[in-house]
Amino acid sequence: MGRKEDNIEKALKIVEHTELIRNIGIVAHIDHGKTTLSDNLIAGAGMMSEELAGKQLVLDYDEQEQARGITINAAVASMVHTFQGKEYLINLIDTPGHVDFGGDVTRAMRAVDGVIVVVDSVEGVMPQTETVIRQALREHVKPVLFINKIDRLINELRLNSDEMQKRFTKIITDVNRLISKYAPQQFTKEWQVSVQDGRVAFGSAYNNWAISIPAMAETKITFKDIVEYVKNGKQKELAQKNQLHKIILNMVIRHLPDPKTAQSYRIKQIWKGDLDSEIGKAMINCDYKGPVAMMVTKIIIDPHAGEIAIGRLFSGTVKKGTDLYISGAGKGKVQTLAMMVGPDRIPVDEITAGNIAAIVGLKGAIAGATVSSLENMVPFEPMIHYSEPVVTLAIEAKHTADLPRLIEVLRDISKADPSIQVDINQETGEHLISGMGELHLDVTLYRIKNDYKVEVETSDPIVVYRETVEKKGGPFEGKSPNKHNRFYFEVEPLKPEVIQAIEDGDIPQGSKFKDKKALVELLVSKGIDRDEAKGLVCVEGTNMMFDVTRGIQYLDETMELLIEAFVEVMNRGPLANEKVFGVKARLVDAKLHEDSIHRGPAQVIPAGRNSIYGAMCEAKRVLLEPVQRVFINVPQEEMGAAINEIQQRRGIIEDMKQEGDEISLTAKVPVAGMFGFASAIRGATGGKVLWSFENAGYQKVPPELQDSIVRSIRERKGLRQEPYDADYYASM
C-alpha cells in the first residue's frame, strides 16, 4: 500500500497550487482500451506495479466489472507526475464506454476539465465515440486524442508505415469534424487536435508504449521503426524507450487546462447564478479562500462508511467538521475527508478548490447535488443525460421479511446511479426499476443480490413506451364535478426543433423560469408564435403548456392547479398510462365560478385533466416505442445471417459498407426486439461478430401492432382493457 500513501503525501503538497493540477477523464467507445490506459497511467505514477498494468484493471475494481471485462462505474484516481522538473497532481476519472452506463459519463464530465479520447486504430471513430465527445464538449471539457492498438494494424492488418499514417489521418479528421460540430463556438478552431503540436499520441496501452511527434523528436524513433519493433516481437523494448504513461501525461500537462484556467470559461456554462456575486467570482477564480461550492458527481455506498459523496470542489476549502448545505437535503457535517485511488480512500485533513474530494457525512446528497457553505447558493445546472431509461423490471423481495431492506437498497441504488429510476406501481404495489438497457439492469440486480445480500424475484424485462398525438385536437371542454368550472384545451405535436432544445437542456423544466425574456426569444427562433411563447406556463418532460387566454377572471388563482392537471396527464397518457412525448397543450378559454370555495383542487384538477385527455383523443393518440441503432461488423460470408437476425426483430438495415472482407451494417431495431440479441447474433454468425448500439429515441409503433401492445400494457397495469374515448371525457 505504501506507494499510494507516498503519492498522496506528495499530492498534498500540490493541492493548493491550482496551476499544477489537472482534472481529466478518459472516454471511448466500449473496448477501445480506456481502462487499460488508465491502469498504465496509474502504474507509471507508481500506484501499482508495472507488470500488472493493463492486466490488473485497478479502476475496474467491482467484481462484475472484472468478470464482464467492461467498466461500469466512473472510478477516480489521484496521482503525481513529474514534467520538466515540476511535480503535477493528476486526478483521473475512468468512465464506462458501454451505452447502458452513459449516465456515469455525463456525471464524470462535470468533474473534469480535460479529456483523453481513446480510439481503436482498427475500428476508428465509432458511434459511442461521438456520444462521449459530444458530452465532453457540452460541458466545455477540452479533448486530446490517443489512437490505441497500433500493434493490431501491424500484426493483423499487415499495414506498412505509409498505410498506417493514412489511417491515422482519417481518425484525426473524423475526431476534428466532431469537435467542429459540438465544441463551444469560441473553441471550435482552438481545440482541434493535431499531430504536429503533440495533441495526438499513438500506441498500445496493453503493451505499455506510446509515441507522439514531440517524443519522436527526442527519441529519434520513426513510424517505420515502430513497424519493425512490433513485427519482430520487441514491444517490451519499445515500451522501455517510449513509456506510455510519460508520453500521455506529458501531453495532458502540456495541452489540457488547469482548474483555474478551465473554470474561467466553464462556470458560466454549468452555473446560472450571478457571476459578480462573492461565490460567482470565487468559482471563476478557483479561489480556495472563497465560500465552498462543490458539485457531487457520484455517490458510493460503502458497507462500513455508509454514503460517500465524491465531487468537484469549484471554490473554497473543505475541512473535517465543516458544516455544509446540500441542495434539497438540508445540512450535513464533514465527518471524514479523503482522496480516492480506485477503491481506496486515503484520509486527508483538508481539500482545496480545483480538486476532487470524497466526503462522508453529507447524508441525503445525490449525484448532481450542489454542496456549499452558503445556505442559499443557486444550484449548479442539472446534468443532461443523453439517454432515458428504456427497459423496466418489476422486482420483489423473495422473503416478505426482506421488503423493508429492499426498499432501502433501491433508495441507495437510485442515489448512487440517478440513471436508474425506481417507481412504485400504485395500482399493484410492485416496485419497478428502469434502466438504460438489459446489461444496466443485469448489473443492478447482481449488486442487489451480491453486495446487499437481498434475494429478489423479477419479471421479464418490460419496454418503456411513450404516448403522443398525430394532429391537432380540441378545443375540448372539461367540466368540474360540480359543473361550475369549464376549461378548453387544444393539443398538437410539438415541433422537433423545440423537443431537441428541451432534450439539450436549453429549455428548462418546471414552471418557474428565471429568464422568461430570453426563453421567449429562444422559442420564437424555434418557430413558435411570439404571443403564444409569452404564454408559456410549464415544461414537463418533452411537453409544454401555454396559456393563450385573455382577461379571464380568477384564472391566475387556479393556474397552479391547472399545471398539476397538465403534469399528471403528461406522466399518465390516455392510451396506456405511459409518459407523454412531444405534445403542446394550449389553454384557449375558461369559465370559472366567482366563489373560490367552488373552484378548489377537487374541482379544477379533474376539469383540466379531462379537457387535455379529451383533446388528445381527438388528436389521434399514438404509441411510441424506443429504438436502438445497432452497428455490426461481420465477415462477408456471415452477412446473410446477421441481416436475417436483424430483420426477425423488426429491424431495418439503414446502411451497409464493405472494407476488404469485412461488412459494416447499421440498422435500427425496436428495443422490444433486442432482448437476447447478444447471444443470438453470436450464435448466428459462429461468434465472428463485433457489434455495439446506441439508443436512438422513439418511433411510432406499427399501426397493426398498436392495439395489442396497448392492451397488454393496460392488462399488466390492472387497467380496463380498452382506453377511454373522447365521449367518456366529455360526459365526466
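Cβ from N, Cα, C; glycine included.
According to Swiss-Prot, the domain 'tr-type G' annotation covers 19-228. For 28-35, 94-98, 148-151, the entry in Swiss-Prot reads GTP binding site. Among the features that Swiss-Prot reports, diphthamide is placed at H598.
Structure with Swiss-Prot features highlighted.
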residue	record	DSSP (3 states)
A28	GTP binding site	strand
K34	GTP binding site	helix
I150	GTP binding site	helix
H598	diphthamide	helix
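In the structure shown, the C-beta of K34 has more C-beta neighbours within 10 angstroms than that of any other entry among the recorded positions K34, H598.
Residue pair H598 (diphthamide) / A28 (GTP binding site) shows a Cα separation of 60 Å. Around I150 (GTP binding site), the C-beta neighbours below 8 angstroms that are at least 6 residues distant in the chain are S121, M164, F202, G203, S204, I226, V230. For the domain 'tr-type G' (19-228), the model's average pLDDT works out to 79.
A simple Cβ count within 10 Å picks out one of the binding-site residues A28, D31 as the most packed, and that one is A28.
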